Structures are given as C-alpha cells and as structure tokens.
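Asks: To start, I am sharing the structure in question, which I have written as structure tokens.
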Amino acid sequence: MSARATPTAAPTPLAYFAAQTIKAFNTNKTSWIGLLVFLVVVALALAAPWLAPYDPNDQNIMEKLRPPSAEHWLGTDSFGRDTLSRILYGARISLVIGVASTLLAMLIGSAIGMFAGWHGGRIDTVTMQAMDVLLAFPSLILGLILVAMLGPSMHNIIIAIALTSIPPFARIARAPTIAIKEREFVMAGRALGFSDTRIVAGHILPNILPEILVMGSLWLANAIRTEASLAFVGLGVKPPTATWGGMIREGFENILDSYTLALVPSISILVVIFALNLLGDGLRDAIDPKLKGET
Amino acid sequence: MTAFVVRRLAFACVTLFAVLTLVFVLVRIVPGDPAQLILGDQASREAIDALRQRLGLNLPIWEQYLVFLAGALRGDWGVSLVSGQPVIGEVLKVLPWTIQLTIVSLILGIAIGVPLGVYAAIHRNRVIDYAVRVSSLLGLSFPPFVAAIILLLAFAIALPWFPVISARSGSLAAWYQSITLPAVSLGLITAAYVTRVTRSAMLEVLSEDYVRTARAKGVPWNAVVWRHALRNALIPIITVVGLYLGILIGNSVLTEIVFSRPGLGKLLIGALNQRDYPMLQGMMVIYTLIVVLVNLLTDLAYGVADPRVKLK
C-alpha cells in the first residue's frame, strides 16, 4: 500500500458501497429506468389504501364486466369489482411474496454456496451435485406440486418459491468464495485465530454481496412471475384476495366478454418484471462485463 | 468417445436415482394421512385402512421406498385414483402432445435466436444491437401464460385465423392449425434467451486471436462469423438451450392450459386439483426421466460441438 501523502479520511465502508453502487448504475443508464419504474410500483402498492377508489372486494352485480369509464378507470370484473383497486392491492401480494421468497432463497442459497466453497472437497461435490439435481427439475412444476401439497397459503407459497430458487444463489456464492479463500486477507484472518464463521461472514460475504444482490433483482422478477403462474392455475393466495395471476385467470375465463380484464393485470405484471430485468441486467454488466447478456 | 458416453450415462443414472428419491420424499411431506385426505373426513376407519393397504402406506418407510424405486424403473406407477386406469398409460397417451409442442418451440427459438444473436453481436453498440437487446429482455420478461393469452386474443379472437382450442390432430393442416399459436408463444420466449446467450458468446469469441488470424489471412467475413466464431460459441449456447428445456417443459404446462391443448400440463393440473397422488408421483417420475434424458443429450452435444470435451 502506498504511503498516505494527504491526510484524507478513508471512506467508511458504507460510503464506499454507496459510491460503488451509483457507479454501477451509471454504467448502464437502463438500470436507473428499471429502478425508477420498480420504485413507482412499490409506492403505488404501499399507497393502495389511499389511492384505490373502491374497496377491492366490494361486489356490485349491477356494474359487472363494465369497460373502462370515468367511474371505473379500468372497468369492472364479473363480480362488479373495480379493476383498478384490485390491481393496486394485487401489487402488494406480488411484491410481498416476491421479496420474501427471494430474500429467503438468497439467505439459504448463499449460505449453502459459501459453505460448500469454503469447505471444498467432498462436501463441496455432494452439496453442489444436490443443487444441480434441484436445478434440473422444472422449477415451476416443483413449485406447483409443493404448493398443492402444502396448501395455497401465503407462507406456503413463499416457501415453495424460495425452495425452487435456492440453487442459482448457491452457485453464484460458491465460485467467488473459492477464489477469495486463497487471498492474503483471509490467511491473515486465520493467522489471527479468527473463527471460520467470522472470516466467512465478515470478510468473504461483503466481497460477494454485490453479485448476490444483482442476482436477487433478477430472481425477484422470476419469483413474481412464478407467483402469478401459481395463481393463474388456481394455486395462489385464496380468493377473494386480489392477486395479479388470479385476476388474469378470472379475466381469461371471461375473455369473450371483456378483454381488458385479462389484459390489464397481464400488462402490470409485464411492466414489473421488465423493470426488474432492466435493473438487474444493467447492474450485472457493470459488475462483471464478461457476463454481459448471459442468462 | 465410448468412455465419454459411458461416463455421462453413469452420471445420468446417479441423477435419476437422486431425483427419484426427491420425488419419494416430496410426496410424503404432505401433512396428514394421504388416505384420509383422499377419502375425506366422513370415511370409515376400515375404508381408510383398506386404501392405506392398497397404496402400500402400511409398510415401513424403507420398504415403501424400495417398492417405489422398483416400480418407477419398471414402469409400474400405480393406478390413478380418479380414472382407475394405470398412471403410465394416461401419461403416455398425452406425452406426444407435450413433446411435439416443446420440440417445435425449441426449434423456433433456435431458428430465431441464433441468427438474431449473431447479428446483434457483429453490430455491437449500434442501434440494431440495442433494439435486439431490449426486445430480448422484454421477451424473457413475459410470463408464458401472458404471451399465450395475448396471442390468443390477437390471432384466435380478434382475427379468427386459428382455433381457440388447440386440440385438433389428424391431417397436417389440422396439426399446423393447432400447434402454431402455442408453439409461437413458447418459441418467442425461448428465442429471447437464445438471442442473449448467442450474442454474449459471440462477443467473447469475436475478440479472440484466431478470429483476427482468420481475417488476416483473408477468410471472408461471413465465413469467419458463421464457421469459425459461431462454432466456438456453441458451448454456452448448448448449455443455455439444455437448461432452458427444463424451463420450457414447465412453461408448457401454462401454455397447454391457455390453449386447452391436451398434454402433461392439463394432466398435471387435473391431478393437483383432484389430489390424485399416484398420478402426481408418476408425473414427477416422467418429468425426471425427461430432464435426465435432456441433460444426457446436452452432455453428448458438448462432445460433438467441442471434441476437447471428450478428453476431460
């Protein structure tokens, strides 16, 4: 390390992280667009109780299957419920299930990956083989079966989606752990008598965190898509709770009477997933130019 | 080559065994007694015991496991609780529908994705490259059933070019009519993935020394791109196509539902709704077999695309 000529204060880890994040966002301007759109959706979902013009579950049979109008901006469904209100409330379900299952998968997956990479040898081989097996099985089908067997409650859906998303996080956490394990600062930690947990959590984790977070944004998109797929085949959070997948299902059943009913939630879901993909894809380019465009 | 194939086969067997074990565990994590669940709360003690006997649930767990493994490998997957027919017969009856759909979608995805990815790569950072990148990102953002519903709305309802229910067979015209919309909806999403991986693999290869050498000695640009570069970019493309096949089989479930097309998807959803456990177990076995087979084919494709793989 060079001698410090000017006595500038070293940046705190948090400030350094923030600066790096902004730099990563600036490499690919589309990341900003993705983030902005996603934050708007989050804000709309949070503000649903104040923004929604009607109660999302209020039925009004006299007003059923109405096209968009001044009273109902996005029309009404076959029970006369206001589509706009249901979209706003449905966003909450998508986001809660998406974020919770992704965080869970991220935690368990990166723990498994770091564990395998840190120990190496047979433990590594067996663990990663198990991950490959889990990865090979079509995740949507695994999710469907898990939810059908556990019962379609919010937390079972979260568990099922999380389970199917563990392997990619294990993979992405493992490779850098192996690389970093041999570096001087890890050896220094060992020489100082630090425990394995302390080295992994305190010194390896911060190094691989950016990659895990970027993967997280891409898998959040995937989790939201899976939740909608489950709801579409009738394995979502139970009706009458508004979910986007469930709304598409109801809209699809009435597609000959009103096409807006299926189209509005379809577009909502597409916008959120596209925004998250723009965000994650742009950031991934910034973190590792070699991974450009790989999926 | 023989040693390579044998090694891959051995690995496929290990995977098959592991996933079958996973299936066995999955079916048994159901809270409560399956016999009770099937028969409902009103069932008598005797009826439940009889069903437990029939399903083999009275045996010790390790014996159930051995019976399951032996049955799975012999093709004896039990009898559907709903139709009373052997599970394997019901599965084999609809399997061709799903396989056709998957293969046609995959071919469509490769036929669109590879040329588009190559084209974007050689026009890097030009307008066309950005257009391809953004549209492929949009393409892979589509939930499969959303793509299916939009195509259905556009080309079966607004413009009545194709049937709303895609279940016809018999003549070639009927086949074409019933497979076009489902295959296009899955194929476009596949194309998005293939385009992206082709583009990134080509970008990497095009900066290699041997590409410059080929150019320097006067090989025409087209030959460099399509023969030298693409050949070397094949490995990552095969990896993604192989991995994506698993996703495609999963996605086909939703597409089959939207287009009311017979296949594994409709069978699976039916079995899930009816809690037909033997059927579910059998379906997971067939999915496992398909996945293991796809992995094996992917491995063998590596060997064909890159002879060095066989030596490792």
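Backbone N, Cα and C define each Cβ position, glycine as well.
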Asks: Which range is it, out of B:3-26, B:99-122, that shows up in TrEMBL as transmembrane segment?
Replies: B:99-122
Asks: Do the transmembrane segment (B:99-122) and the transmembrane segment (B:174-194) come together with 3 or more C-beta pairs under 8 Å, pairs six or more apart in sequence?
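Replies: In contact, yes.
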Asks: Under an 8 Å Cβ to Cβ limit, what residues of the same chain, 6 or more beyond the ends of the transmembrane segment (B:233-259), are close to it?
Replies: 97-98, 101-102, 105-106, 109-110, 114, 143-145, 148-149, 152, 165-166, 181-182, 185-186, 189-190, 193-194, 197-198, 200-202, 204-205, 265-266, 268-269, 287, 290-291, 294-295, 297-298, 301-302, 305-306, 309
